[in-house]
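Swiss-Prot annotations:
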- 9-29: transmembrane segment (TRANSMEM)
- 51-71: transmembrane segment (TRANSMEM)
- 106-126: transmembrane segment (TRANSMEM)
- 130-150: transmembrane segment (TRANSMEM)
- 184-204: transmembrane segment (TRANSMEM)
- 227-247: transmembrane segment (TRANSMEM)
- 258-278: transmembrane segment (TRANSMEM)
- 290-310: transmembrane segment (TRANSMEM)
- 326-346: transmembrane segment (TRANSMEM)
- 399-419: transmembrane segment (TRANSMEM)
- 432-452: transmembrane segment (TRANSMEM)
- 479-499: transmembrane segment (TRANSMEM)
Amino acid sequence: MALPSLHEFPWLTTVIVYPVVAALFIPLIPAPAGDPTTRVYAQKLAERVRWFALFIAVTDLLILLAGFYVGYDPSQTSLQLLERYTWVPQVGLSWSVGADGLSMPLILLTAFVTTLAILAAWPVTLKPRLFYFLMLAMYGGQIGVFAVQDMLLFFLMWELELIPVYLLLSIWGGYNRLYAATKFILYTALSSLFILVAGLAMAFYGDPISFDMTDLAHKAYPLSFQLLLYGAFLIAYGVKLPVFPLHTWLPDAHGEATAPVHMLLAGILLKMGGYALMRMNVGMLPDAHLYFAPVLIVLGVVNIIFAALTSFAQRNLKRKIAYSSISHMGFVLIGIGSLTEIGMSGAMLQMISHGLIGASLFFLVGATYDRTHTLELEEMGGVGLKMPKIFSMFTACSLASLALPGMSGFVAELMVFIGMATTDAYSLPFRLVVVFLAAVGVILTPIYLLSMLRQIFFGPENKELTEHEELVDAEPREVFIIACLLIPIIGIGLYPKLVTSLYDQSTNALVALLRQELSSIGATVAQAPALYSAD
């Protein structure tokens, strides 16, 4: 029997299944000799498990890179690395995975950030078997969300990553971890019901009965039905993005999470909402998107302004960065709603950029907390001289977050601004108001971020902190993690085509689809609802 060629190899299935299956072998890792109740025993056991988990994550990343090199062509808009295996033919259910420009960059981001998150989890010694089992299971589930091309399978993957996050928060979180974990699961699980109901409605509408996303995208849905589906999906994905006022779970979750969980929440979890909006709301329901596009833009502006002002008022370091993340996600909504190629491309780049910047900032927040044992900014101060490496890295990542030219955030936000300013789908007054308000949010960002740096590293010296023996500078592992994140942040800022070339064909195809729908009614978006109603 001949072996399959490299092009026929199930790359994506392997990348999804491999970490999940490997996690099942963690209980079989031999325990070290000694008394299980001692700290030395816990450290030895944790060391064995963490090396195993890191090996699995690194090899999975290498497998993904091999598949990307062998079978992915960025110039194509069609699905690539496609695999379809019949599962339940009676209802058209199959294991269907594939990647295009919308998913491949986020799959690569997931593998990269998760590998670094496992390395960031090095200090974890409490229940290491369960901790790394959940990390690897979440790894497979998150890649699955971006790779699957079956609606029911998408829902299952969406749910798969909820359970690990809940347990990681409730067991390894801070003082209010149970409250934060419960709030997270209530928000996300209840919102997931909208995905299930809307997905079933799409699958069973008309012929054929199918959960395949390609089939669903080609069905002719009545406009009223599209609007209902769009609203249901918007609620579900708005919770995950998150969109005001569905955002309140995020500051609580970040407030209690550990550093590696922070990295996955900020780096990957929020991007699932933006990806799903592009894939389903725009790609499958283009007529409805013309109605909702102005709504997305308004919500994006509210996200930017509200979260920036709220972040400015926060005195807890984790919550301040959490609200900063919410503010940055507002640009994703504006870009998606702009109906321009550069705006849609900017929204995609903003997700990738924030995935890197958010992961780096939250990792540094965790590193700072491990040394100072406080998150209250009033209790910090004067630690910059004691921790020059952490101060330098924190400053660099904060500058990236405030969109300093030469870093990825600047390019992404600039593209969204240009897309919103140049679109012909909205009236000039509307565009000017949106651009002005978004610019106000951009101005607020350096105010609260630079103020945060001043409070942590400068200002009146807190003797209890600066004289504490645990107040040591960054170790090589921590410097390596931040270097791995900063290099692509700066690389994208200097040469954005490095990343935009991976997805531009796909985002341009989305905009072309929307423009086709818009030209068929010969109107701006603001006029579209009236014309549709007249029909």
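Along the chain as shown, residues are numbered 1 onward.
Placement of Cβ uses the backbone N, Cα and C atoms for every residue, glycine included.
When each of 130-150, 184-204, 227-247, 479-499 is checked for Cβ pairs under 8 Å to the transmembrane segment (9-29), 130-150 comes out on top. The stretch with the most CB contacts under 8 Å to the transmembrane segment (399-419), chosen from 184-204, 227-247, 258-278, 290-310, 326-346, is 326-346. A contact between the transmembrane segment (106-126) and the transmembrane segment (51-71) is present, since 3 or more of their C-beta pairs, 6 or more residues apart, lie under 8 Å. Beyond the transmembrane segment (432-452), the same-chain residues lying 6 or more positions past its ends with a Cβ under 8 Å from any Cβ of the stretch are 297, 300-301, 304-305, 308-309, 311-312, 317, 320, 324, 327, 330-331, 334, 377, 398, 401-403, 413, 416-417, 420-421, 426. Sequence-distant neighbours of the transmembrane segment (479-499) (same chain, 6+ residues past either end, Cβ-Cβ under 8 Å): 105, 112, 116, 119-120, 349, 352-353, 356-357, 359-360, 363-364, 389, 393, 396-397, 400, 405-411. Counted as Cβ pairs under 8 Å, contacts with the transmembrane segment (51-71) are highest for 130-150 among 130-150, 184-204, 290-310, 326-346. Per-stretch counts of Cβ pairs under 8 Å to the transmembrane segment (227-247) identify 184-204 as the leading one among 130-150, 184-204, 290-310, 326-346.
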